[in-house]
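Per TrEMBL, these features apply:
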type     : residues                     : note
DOMAIN   : 28-271                       : domain 'PRMT5 TIM barrel'
DOMAIN   : 284-482                      : domain 'PRMT5 arginine-N-methyltransferase'
BINDING  : 308, 317, 318, 409, 437, 438 : S-adenosyl-L-methionine binding site
SITE     : 311                          : site 'Critical for specifying symmetric addition of methyl groups'
ACT_SITE : 453                          : active site, proton donor/acceptor
ACT_SITE : 462                          : active site, proton donor/acceptor
DOMAIN   : 485-669                      : domain 'PRMT5 oligomerisation'
């Protein structure tokens with residue numbers, strides 16, 4: 001999330017560019033938007049012909065630093081390279097190329113141009129050429145109004161559906177344009193805010209687009225009692241929402257007040273915004289918004305100290321684990337007490353003549369005493385540097401239980417830390433460190449409780465099912481597994497930024513780009529829009545039941561453990577409620593630890609303050625344009641062989657079906 005609001009000032013005309021820039025900077029604006037050529041200057045451009053004089057001002061009126069950091073160059077607004085007239089189209093194309101070439105020479109950070117319809121084929125072609133021929137091209141800012149007045153005039157505004165079409169139309173201008181540029185991350189949209197506020201569904205869709213800036217006309221400000229410009233509450237919320245998604249603000253239009261007042265008001269508005277300063281997730285994720293990361297593979301690779309340190313800072317996750325372990329200890333103690341009491345009562349009934357009432361009471365008291373001294377064995381599988389061991393000891397203290405903790409860890413570096421804590425911190429506790437892979441150990445005594453935190457951002461993607469199934473022999477037949485169940489979820493999303501970032505994440509080669517779009521990415525998703533809600537995909541329970549043969553008998557492996565099958569497939573569907581472009585899926589999970597204790601990163605049930613997991617982004621190779629009323633159907637497979645696990649997925653919309661993604665794990669896999 002942005003820490004400061006960045007504001008620019010748009011000048012319709014700049015007779016003295018140096019004076020305009022100085023005025024804006026003295027008023028604390030960060031940059032100005034200025035026309036490359038005087039907006040009323042029409043010129044004939046003949047390639048190769050000599051000219052007397054230039055078509056615009058000299059670049060020496062400003063320093064190179066000013067050009068490269070404080071000027072957004074605006075293309076002449078009359079230029080229409082997609083005109084129906086061949087003569088106009090060619091002349092405007094020559095003028096556009098001339099202005100783009102001049103901007104390339106100036107090195108301006110961004111070039112702003114206006115979109116006026118869905119027809120932008122020629123404009124897209126010219127900009128593709130510009131990017132192909134420029135070593136350090138500027139960003140392209142495509143300016144569109146939020147509301148299409150032309151569409152509104154053509155239709156009857158009394159009809160709500162037709163009014164919504166006027167809001168939809170300009171999104172289609174931008175979306176078609178961006179699609180023709182292959183969702184290039186160097187291309188962003190600038191929204192011209194209207195006096196009317198769009199419906200919430202329209203606004204949320206814009207928040208999924210790469211909005212680089214919003215233009216606020218001075219005409220939508222009104223003066224308060226003291227004569228200072230202010231915005232309506234609805235406009236205030238719109239501005240805050242956009243700036244939270246890293247949009248800059250451009251003040252434009254006639255000066256109805258001192259230009260400093262507009263900026264001062266925007267600064268105050270940003271400082272007074274509702275902000276959950278105490279939310280650990282917002283603080284932790286700052287700076288990681290929309291940054292793609294490769295999922296961890298802790299089974300195949302050993303985690304480093306930094307990763308452990310990050311995970312151990314999560315206050316919510318370990319508190320939930322501690323609550324779950326506490327409940328498990330209480331239940332085991334109660335179960336043992338009931339069992340002992342039942343056995344003792346049976347003995348008393350068999351030979352009641354030999355005991356008096358007082359003897360019965362003494363025996364009952366003696367049984368309780370024995371119960372208190374019997375240890376409960378807790379195995380922490382994948383103990384890391386010991387946070388779950390600490391949670392277990394805290395739970396034991398709360399319940400006044402005697403526990404024996406066995407910490408199993410395969411990472412040699414983490415084993416060193418655990419051994420040091422056994423000597424220095426837990427020397428008065430009954431704790432043992434066992435180095436090794438939990439799947440290949442045979443320990444005694446068996447555990448009453450096994451505790452693990454092997455979950456990934458999509459639930460099973462760090463191979464928790466394979467690890468816990470392999471360690472099933474460490475648990476007593478009536479033992480407790482924490483966690484006991486987890487589910488993965490998906491939701492179709494629109495996010496040009498994430499899709500473009502995934503495409504070029506690790507290599508520029510065509511083959512690698514294809515692989516990038518068949519890979520799961522861990523990311524804190526900010527610049528995205530949910531096309532529909534989350535739906536469950538895969539489910540896993542522990543201890544897992546074995547598969548059954550044709551006679552209904554449970555199959556066993558060579559160790560006598562249930563032979564489980566962790567292959568999965570699921571088909572989910574959504575009905576599209578609004579025209580959009582689908583770039584992939586957001587992936588989430590929730591987990592039932594024990595009793596009523598849960599952890600979740602599903603947006604609707606997210607555990608407040610939990611920071612251990614970001615969601616996953618599951619891209620599709622070619623973004624799909626979906627229309628209101630259509631059905632998105634996606635099928636996911638979890639595939640397994642003797643040495644690796646991988647996902648495959650396919651999407652259907654109407655009569656179109658995508659190719660199968662990640663066939664046979666060709667692009668991404670998890671090693672066993």
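Positions of Cβ are set from backbone N, Cα and C atoms, glycine also.
TrEMBL entries are annotated by machine, without manual review.
Distance between Cα atoms for residue 437 (S-adenosyl-L-methionine binding site) and residue 453 (active site, proton donor/acceptor): 15 Å, as a whole number. Just so you know, the Cβ of residue 409 (S-adenosyl-L-methionine binding site) picks up 26 other Cβ atoms within 10 Å once every protein chain is counted. Residue 409 (S-adenosyl-L-methionine binding site) sits 16 Å from residue 311 (site 'Critical for specifying symmetric addition of methyl groups'), taking the C-alpha atoms as the reference points. Residue 317 (S-adenosyl-L-methionine binding site) sits 17 Å from residue 462 (active site, proton donor/acceptor), taking the CA atoms of both as reference points.
Within the same chain, the residues at least 6 positions away from residue 462 (active site, proton donor/acceptor) whose Cβ sits under 8 Å from its Cβ are 295, 296, 297, 298, 299, 454, 455, 456, 670, listed in sequence order. Between the two most distant C-alpha atoms of the annotated S-adenosyl-L-methionine binders (308, 317, 318, 409, 437, 438) there are 24 Å. A straight line from the CA of residue 308 (S-adenosyl-L-methionine binding site) to the CA of residue 453 (active site, proton donor/acceptor) spans 12 Å. Among the listed recorded positions, namely 311, 317, 318, 437, the Cβ with the most fellow Cβ atoms inside 10 Å is that of 317. Listed in sequence order, 381, 382, 408, 410, 467, 470, 471, 474 are the same-chain residues at least 6 apart in sequence whose CB falls under 8 Å from the CB of residue 438 (S-adenosyl-L-methionine binding site).
If you measure from the Cα atom of residue 453 (active site, proton donor/acceptor) to that of residue 318 (S-adenosyl-L-methionine binding site), you get 10 Å. The average pLDDT for the domain 'PRMT5 oligomerisation' (485-669) in the predicted structure is 93. For the recorded positions shown (308, 453), fewest C-beta neighbours within 10 angstroms: 308.
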